Amino acid sequence: MSPQTETKASVGFKAGVKDYKLTYYTPDYQTKDTDILAAFRVTPQPGVPPEEAGAAVAAESSTGTWTTVWTDGLTSLDRYKGRCYGIEPVPGEESQFIAYVAYPLDLFEEGSVTNMFTSIVGNVFGFKALRALRLEDLRIPPAYIKTFQGPPHGIQVERDKLNKYGRPLLGCTIKPKLGLSAKNYGRAVYECLRGGLDFTKDDENVNSQPFMRWRDRFLFCAEAIYKAQAETGEIKGHYLNATAGTCEEMIKRAVFARELGAPIIMHDYLTGGFTANTSLAHYCRDNGLLLHIHRAMHAVIDRQKNHGMHFRVLAKALRLSGGDHIHAGTVVGKLEGERDITLGFVDLLRDEFVEKDRSRGIFFTQDWVSLPGVLPVASGGIHVWHMPALTEIFGDDSVLQFGGGTLGHPWGNAPGAVANRVALEACVQARNEGRDLAREGNEIIREASKWSPELAAACEVWKEIKFEFPAVDTI
């Protein structure tokens, strides 16, 4: 161990306060394959040197506190401390820089996203010496990944369960999200599924309210699924939201869904919490249920560029905690999401190995060592005119989810579903024939609408609808 990184905690105790950088800033440190690596965007208070701010982040998110303590001499600080091993400026930002911090693996409980986040981001974000702090990325080492189950099933197992290959899956969020009775809700589900969708979905805040208790909703949705399957010959599903006020109630709802023969359930993983989510993911694997994940509340954490946590970190955490689908923005719809950044974390969700690529916001090479992948879900303000772009951007291993873009069809839910299915099939066929979806997309949709009156009606309704606002979160 080099003299610069060694901490002589055992050579007598001297009370007082010393600069964090004397202990936690170690630019000569060589990172280990077992370290968890973090990239923080740091905005220090005026007068705080970058090295001191970076060291403070490493200290306060690992073994350090504001003063020297005599119990430092009872352990090996060098074994357990976090280390700020690199500082680099943020281009175009005078007062910001990226601090790279390495954490020894022994700081973390095996298989616990909850403990990982409690350590890395649990306390340091309120530190007075920092004006703002954002966790941009994490490198999760294979040794730690192997302590997690991850997604209940993964992409290939889901396709095998559904017997659907060679195209994105189609979904729809039932609207209005609140206020429908269980029977009318089930009717809307049935119409969408018989029209050609693969899935329908509870919205994130549909749990068990006075107008529609969860058990009634589950029963009517199961009836809709079976009826649509009998009519179409295709396997169908509805994301039954099992999110609840307690873990016990959540599992009770999941058990009932399994008893009904439902293929998939749903969880709001941020509002529900990582402990609840991991518990549900384990239940789903043990009982053959797919698990759809909604990211409700994510923008509270990830939207501001200078403070919080980037969604790519939340996406990695979800892959560890467990989920077969997760909402990931659309690039072209109503929700925030710049293209290169979005595709960066989409690859982190799906692929087994992702190289470092700063142009897409990926700070570290990530090896998932065979952990199953997660299907990204594109949802929010999308309609048939977006289908070519969505197919080109997200590829086959994705779920394209049209809520208003199905239920807002002038002829009703089933024709809305038909329009989306026809548009998707046309785009997939055109792509397979070698046509350029990005350049010829509108023409492909127009050609398909000539033999599909449902698609033609949808094209007319949404021909002027665009959501063109600059992204807040950019590279």
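Think of each number as a place in line: the chain as shown, counted from 1.
Backbone N, Cα and C atoms are what each Cβ position is placed from, and that goes for glycine too.
Remember, it's a predicted structure, so these values are computed and weren't measured experimentally.
What Swiss-Prot lists as N-acetylproline is Pro3, and the listing cites sequence analysis.
For Lys14, the entry in Swiss-Prot reads N6,N6,N6-trimethyllysine, with the evidence type sequence analysis.
Annotated substrate binding site per Swiss-Prot: Asn123, Thr173, Lys177, Arg295, His327, Ser379, in sequence order. All protein chains considered, the CB of Thr173 (substrate binding site) has 24 other CB atoms within 10 Å. Mapped onto three states, the DSSP output places Thr173 (substrate binding site) in strand.
A simple way to gauge crowding: the CB of Lys175 (active site, proton acceptor) has 16 other CB atoms within 10 angstroms, across all the protein chains here. The annotation active site, proton acceptor is assigned in Swiss-Prot to Lys175 (among others).
Taken from Swiss-Prot, the feature N6-carboxylysine covers Lys201. All chains included, 29 other C-beta atoms sit within 10 angstroms of the C-beta of Lys201 (N6-carboxylysine). In three-state terms derived from DSSP, Lys201 (N6-carboxylysine) belongs to an extended strand segment.
According to Swiss-Prot, the Mg(2+) binding site annotation covers Lys201, Asp203, Glu204.
Taken from Swiss-Prot, the feature active site, proton acceptor applies to His294 (among others). Same-chain residues at least 6 positions away in sequence with a Cβ under 8 Å from that of His294 (active site, proton acceptor) are, in sequence order, Glu204, Asn241, Met266, His267, Asp268, Tyr269, Ile326, His327.
The site 'Transition state stabilizer' annotation in Swiss-Prot covers Lys334.
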Residues within 8 Å of the Lys201, Asp203, Glu204 Cβ centre (excluding the Mg(2+) site residues themselves): Thr173, Ile174, Lys177, Asp202, Asn205, Val206, Tyr239, Asn241, Met266, His294
Asp203 (Mg(2+) binding site) as reference: those recorded positions from Asn123, Thr173, Lys175, Lys177, Arg295, Ser379 with C-alpha within 10 Å of it: Thr173, Lys175, Lys177
Maximal Cα-Cα distance (Å) across residues annotated as binding substrate, namely Asn123, Thr173, Lys177, Arg295, His327, Ser379: 36
Asn123 (substrate binding site) to Lys201 (N6-carboxylysine) - Cα separation in whole Å: 36
Those binding-site residues listed as Asn123, Ser379, and which of them has the most Cβ atoms within 10 Å of its own Cβ: Ser379
